[in-house]
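Peer 1: Not my notes, these are from TrEMBL:
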BINDING   Gln97, Phe98, Ile99, Asp151  (6R)-10-formyltetrahydrofolate binding site
SITE      Asp151  site 'Essential for catalytic activity'
DOMAIN    326-403  domain 'Carrier'
BINDING   579-581, 605-608, 638-643, 658-659, Lys765, 812-814  NADP(+) binding site
ACT_SITE  Glu681  active site
ACT_SITE  Glu681  active site, proton acceptor
Amino acid sequence: MSQVYYQNKLRLALIGQSLFGQEVYRHLKNEGHKVVGVFTVPDKNGKADPLASAAEKDGTPVFKFPRWRVKGKPVKEVIEAYQSVGAELNVLPFCTQFIPMDVIDYPTHGSIIYHPSVLPRHRGASAINWTLIQGDKKAGFTIFWADDGLDTGPILLQRECPVGPNDTVDDLYNCFLFPEGIKAMIEAVQLIADGKAPREPQSEEGATYEGIQKKENAEICWDQSAEALHNWIRGHDKVPGAWTQIDDQVVTLYGSSLFDGPIPAGKELAIKDAMKPGLVTKNGLVLFGNDGKMLLVRNMQFQDGRMIPASKYFSTDEMSIIELTEEEKIMANEIKSIWKGILSNVAAIEDATDFFKAGASSMDVVRMIEEIKQKCNGLQLQNEDVYMAPKFGDFIQAVVRKHRGEDKEEELVIDYVSKDVNSMTVKIPYQCFINGQFINAEDGKTYDSINPTDGSVIAKVSLATVADVDKAVAAAKDAFEHGEWGRMNARERGRLMYRLADLMEEYQEELATIESIDSGAVYTLALKTHVGMSVQTFRYFAGWCDKIQGSTIPINHARPNHNLTFTKKEPLGVCAIVIPWNYPLMMLAWKSAACLAAGNTLVLKPAQVTPLTALKFAELSVKAGFPKGVINILPGSGGLVGQRLSEHPDIRKLGFTGSTPIGKQIMKSCAVSNLKKVSLELGGKSPLIIFNDCELDKAVRMGMGAVFFNKGENCIAAGRLFVEESIHDKFVGRVVEETKKMKIGDPLDRSTDHGPQNHKAHLEKLLEYCEMGVKEGATLVYGGRQVCRPGFFMEPTIFTDVEDYMYIAQEESFGPIMVISKFKDGDVDGVLQRANRTEYGLASGIFTKDISKALYVSDKLEAGTVFINTYNKTDVAAPFGGFKQSGFGKDLGEEALHEYLRTKAVTVEY
């Protein structure tokens, strides 16, 4: 019989307050410790502190002392009340009162305190603020044994976390200090109960003490770097608030982030003592440090408590009072009753009633927003709406504006990068596209999009963050659940998609030019395939919008009644799409057209190295009339943006095209998060079998296309050619002869056959691939080198004498590398076994005049697509997808729609 281990438990006194104290209290009780008394602050405006509320609800003794000592001496009655509970340990999770040493030292085990810094750094009551103000790269907390010093007692345990460049006090508290602090307090108590708690003396080396930050000493000193200004503002956000003087009044600044990029367009705003005027832009107030660098502030608060978006500083609309309709007056009264329910201590809700000054907390904000959503026909507000208008009258005005849609009437503003190229001026958006607007990434960071033809920078593109993903998903969810898109009939949806296809065709030369300079695609191919097939794809799926149907199903009747069962095809909701860099626009179209036709909304992440046509597509979607939030585009890294998309609980489907290892990781994350639906189009090593009875000229021409099409950056490229022995040498000779004729050069030159590889890292990988082939004994017949010119050009390459065990016979190159193996004449089954001896199964091909042989081989090949006497022949109406580790799910054709739909069965008795 196994031994049961019972942990030691203690009698505890909790001294403190706040939600943090409440959660520590609850967790300690859940762990079996006995809380013999809670000592907290008196009620404020008739409302008890959260810790007091939780303890009173449980029947735990609660003591509410305004103070523990008077004139430096302990209050006798307070000390006696404390001693009466008989605690073995004092736990101080968050305490703003001075506790006498008579109390600290009284229990058997003394007292432990939670402090939000890595002691001995930042002793004092404003530790989190100073962590940010001083630009620390790490934050954390300490649980220490209380002594008679100020945060100087021996350390029990510590935890650390990194500080992001734009993290705020709220970020650190909500993401780490609060949740991890609760866990650590519970761990610390149990260590004490088990007799295992350490007492490590604090070092005085590196010790700092900073005073409490108050409004009077939070004024901004402008003679600092942009980073120092940013740290000062975020370190005071939201309490006490960093302030400056603008137009002879005190203005407090909130929501700071570092800003990287060119100086944006905006209207100058004079700020007292600032090095130069600020700029009011569409994204907020841009400020300048003494180093010439910039930061961006989102919100401003005036002396009367009114808060506005910084971008609206010069807007007169924000100041005007609007008259309410009768319907809006009913809504306002409903909201007033919600306020009254929360602010039960307030006699009457007036226009001047301030939500927060009346005693409301951040949890009350969430409650109010949810109640308004529930009782006001799904009206969707954000936390920021409450903070921006905390007074009831102002709040009602803001809510009515939102209800009327006045906040959605702003014209789309796009900051373009313009390039004179290909005998035209192309205008390229470079920011994230979220909720119908082009905006900078949350932290203002950008990265360079490189032209592979010469290595030059095309544009500095916004580098999306996790926060941007969350905003985009929220916008897509709102558009699906509450927006015009969710209410739109299918035929109208199809009309928008036809309009978008027409616009893509109208802008096809600009799109093809952007595709060419961003991905290296030869312009003529970009025009015909990259853009041309994208237009066809949207038109094809636009036609499907009003033809998505369920079915009626005969079932047994339960006499004397009759039954009718029918099925409905419904959209899934918010879908994520992650696409590769080889066909940037076409891969976008293949997935997003089916997704939108089914009625979903989407958040799409283009490949980090080729984001530009996706952002131009976003612009065209606005011109086409797509509602805000339906389409969102986030350029950024797969490891950050793609991972967050796969983990996000509000996404119901993820479509991915890319490598098999990344596909596996995405599938795992999708399963662990919320079991979201997944479709994967992954790697390939597609076999092309050329029999000796083929039409040789055609086999040579199409065999070269099967490998070298789009510079070999083609998911269905023939990764390995099997050539029948009797024609092997002739086939190789002809291929080499024709390959030598290929013109390598500028992809915008109409006579170019072969452009640059997509990016430098890929070129280097291909060269290593060739080195591996030579090292293992394959014969390098042609190419295998980088072309001696600027850019990322590689010679088309041909290997022969490739044996089955070799690396290049088994692994995909994803480049212009032809891998040729021979097989014995007549050995059909033998070559089939070799062709199928791979974990991939995306595509395959056969060249033979014998139709019986062709059909026999096509039956045996384990691939999602089989080409017979052709190759690369894809069509928008034909389903496309792989077997085995090449993935599952289909793009294109009617089957693609089912990837973005769910089936509901309905049974009616009549």
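Keep in mind that glycine also has a Cβ here, set from the backbone N, Cα and C atoms.
No curator has checked TrEMBL annotations; they are predicted automatically.
Thinking about packing and proximity, how do these listed features fit into the structure?
Peer 2: For Ile99 ((6R)-10-formyltetrahydrofolate binding site), other Cβ atoms within 10 Å of its Cβ number 20.
Note: Asp151 ((6R)-10-formyltetrahydrofolate binding site) has non-local neighbours Ile113, His115, Leu119, Pro120, Arg123, Gly124, Phe144, Tyr209, i.e. same-chain residues 6+ apart with C-beta under 8 A of its own C-beta.
Per-residue confidence over the domain 'Carrier' (326-403) averages 84 (mean pLDDT, predicted model).
Under 8 Å, Cβ to Cβ, and six or more positions away along its own chain, Glu681 (active site) finds Phe656, Thr657, Cys715, Leu842, Phe880, Gly881, Gly882, Ser886, Gly887, Gly889, Asp891.
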Peer 1: By DSSP assignment, list the helix, strand and coil residue numbers for the domain 'Carrier' (326-403), in that order.
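Peer 2: Counts, helix then strand then coil: 49 helix, 2 strand, 27 coil.
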Peer 1: By a 10 A CB contact count over all chains shown, which of the binding-site residues listed here is most packed: Phe98, Phe814?
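Peer 2: Per the Cβ count within 10 Å, the most buried is Phe814.
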Peer 1: Nearest to Phe98 ((6R)-10-formyltetrahydrofolate binding site) in three-dimensional space, by Cα, is which of the binding-site residues Ile579, Lys605, Leu640, Phe814?
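Peer 2: Sorting the binding-site residues by distance from Phe98 ((6R)-10-formyltetrahydrofolate binding site), the top entry is Leu640.
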Peer 1: Can you tell which of Lys605, Lys765 has the least company, meaning the fewest other C-beta atoms within 10 angstroms of its C-beta, among these binding-site residues?
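Peer 2: Lys765, out of the binding-site residues Lys605, Lys765, has the fewest neighbouring Cβ atoms within 10 Å.
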Peer 1: Please report the distance from the Cα of Gln643 (NADP(+) binding site) to the Cα of Gln97 ((6R)-10-formyltetrahydrofolate binding site), rounded to the nearest angstrom.
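Peer 2: That separation, Cα to Cα, works out to 44 Å.
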Peer 1: About how far apart, in whole Å, are the alpha carbons (Cα) of Gln97 ((6R)-10-formyltetrahydrofolate binding site) and Leu640 (NADP(+) binding site)?
Peer 2: 42
Peer 1: Do me a favour and check the Cα-Cα span between Leu640 (NADP(+) binding site) and Ile99 ((6R)-10-formyltetrahydrofolate binding site); whole Å is fine.
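Peer 2: Computed Cα spacing between Leu640 (NADP(+) binding site) and Ile99 ((6R)-10-formyltetrahydrofolate binding site) is 45 Å.
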Peer 1: Give me the sequence-ordered set of same-chain residues, not including Gln97, Phe98, Ile99, Asp151, with a C-beta within 8 angstroms of the centroid of the (6R)-10-formyltetrahydrofolate site's C-beta atoms.
Peer 2: Leu92, Cys95, Thr96
